[in-house]
Amino acid sequence: MKEPVRVAVTGAAGQIGYALLFRIASGDMLGPDQPVILQLLEITPALGALEGVCMELNDCAFPLLAGIVPTDDPNVAFKDADYALLVGAMPRKAGMERKDLLEANGGIFGPQGKAINDHASRDVKVLVVGNPANTNALIAQMNAPDLDPKCFTAMVRLDHNRGMSQLAEKTGTHNTDVKNMIIWGNHSATQYPDLHHTTVKGQPALELVDMDWYDNTYIPEVQQRGAAIIKARGASSAASAASAAIDHMRSWALGTPEGEWVSMGIPSDGSYDIEPGVIYGYPCTCKDGKYEIVQGLEINDFSRAKMDATDKELREERSAVEKLFA
Ligand SMILES: NC(=O)C1=CN([C@@H]2O[C@H](COP(=O)(O)OP(=O)(O)OC[C@H]3O[C@@H](n4cnc5c(N)ncnc54)[C@H](O)[C@@H]3O)[C@@H](O)[C@H]2O)C=CC1
Ligand SMILES: O=C([O-])CC(=O)C(=O)O
């Protein structure tokens, strides 16, 4: 058996937390041979509810769960953390865009970034889920000057999974037949679900569907899926978000299959002429606990315009929160 690793999760008593913790503790995220210590952060008024969640975690008698640390102190939650899933933040309601949450949620991520900077493992893997995820990840990263910016990522994997599933449904295949889709940019309505490099059973996806469906049905439906869930469920997606967080971390920690990539929101290094520094969804391969941007993909005018629009939105969001940078 390996030594336990420390996994910090914020918002641990929330909707996503309830769908997430049990899967981390059962080994879905880091594998069946990796014990975990869960370090769970909540705001003080939610500590009672968190205690109930901890009781249930214990009641599962998970073989891989090596300890639980519930706390309302970020310095405790992030102490020696190898992984940090920043979920704790307000969800949006019907009629809101995710960036409308910046005012309510942005302030959470500066202090948490600083606590990660001061207390976490030097190669901690941080995933920001709380919305607006990309810009919150940027706030956390800018408050962690001692850490490599590459430690900080944002979740676009839910969009990636939605895109695979909707393409599989349209083509009468299974989502495992769909390879190499891309979510470029922001986890918002400007995200660009790109099928130009995607295959279905080895065939180019765009040879199987027409451009009118792709441009006018598929892209908006993937972009608006979060809002559709809120409308149907009366609350934002939780189990699918938790599942995507598991997928993101598992790919990062355990690697992507040869020849396949996943979408991750990561600090732009200027690749594909995107503004350096913003946290932008890119196609990534992962190996040995590190991710790399897939380089050299051909970008046509259709894609360029959509990649630039979501870049522009991220630059605007960055300008709105610069006061929160350390
Ligand atoms: N990136 C993505 O794909 C997705 C992101 N989300 C976002 O995830 C976030 C959480 O969603 P839910 O779990 O449904 O919300 P929720 O309201 O059920 O849970 C949020 C939890 O965070 C806690 N919290 C608030 N401030 C905190 C802080 N400073 N430190 C620690 N905990 C704190 C709250 O007490 C609450 O228990 C929302 O911002 C939502 O919009 C949701 C779905 C997908
Ligand atoms: O739409 C929301 O507000 C929740 C979310 O991020 C998603 O489901 O993609």
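Cβ atoms are placed via backbone N, Cα and C, with glycine included.
Keep in mind it's a predicted model, so treat the numbers as computed, not measured.
Taken straight from TrEMBL:
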- 5-146: domain 'Lactate/malate dehydrogenase N-terminal' (DOMAIN)
- Gly11, Ala12, Ala13, Gly14, Gln15, Ile16, Gly17, Asn105, Gln112, Val129, Gly130, Asn131: NAD(+) binding site (BINDING)
- Arg92, Arg98, Asn131, Arg162: substrate binding site (BINDING)
- 157-321: domain 'Lactate/malate dehydrogenase C-terminal' (DOMAIN)
- His187: active site, proton acceptor (ACT_SITE)
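Where TrEMBL records a feature, it is marked here on the structure.
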residue	record	Cβ neighbours (10 Å)
Gly11	NAD(+) binding site	25
Ala13	NAD(+) binding site	23
Gln15	NAD(+) binding site	17
Gly17	NAD(+) binding site	26
Arg92	substrate binding site	20
Arg98	substrate binding site	24
Gln112	NAD(+) binding site	26
Gly130	NAD(+) binding site	28
Arg162	substrate binding site	23
His187	active site, proton acceptor	29
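In the three-state DSSP scheme, Arg92 (substrate binding site) falls into the coil class. For the substrate site, whose binding residues are given in the record as Arg92, Arg98, Asn131, Arg162, the maximum C-alpha distance rounds to 19 Å. Considering only the residues assigned to NAD(+) binding, Gly11, Ala12, Ala13, Gly14, Gln15, Ile16, Gly17, Asn105, Gln112, Val129, Gly130, Asn131, the longest pairwise Cα distance works out to 20 Å.
Mapped onto three states, the DSSP output places Ala13 (NAD(+) binding site) in coil. Checking the binding-site residues Ala13, Gly17, Arg92, Asn131, Arg162 against ligand 2, the ones with a C-beta less than 6 Å from an atom of that molecule are Arg92, Asn131. Non-local contacts of Asn131 (substrate binding site) by the CB criterion (under 8 A, 6+ apart in sequence, same chain) comprise Ala89, Pro91, Arg92, Arg98, Leu101, Asn105, His187. Residues in the domain 'Lactate/malate dehydrogenase N-terminal' (5-146) partition by DSSP class (helix H, G, I; strand E, B; coil) as 64 helix, 27 strand, 51 coil. Of the recorded residues, Arg162 (substrate binding site) and Gln112 (NAD(+) binding site) place their C-alpha atoms 29 Å from one another. Gly11, Gln15 are the binding-site residues among Gly11, Gln15, Gln112, Arg162 whose C-beta comes within less than 6 Å of an atom of ligand 1, given in sequence order.
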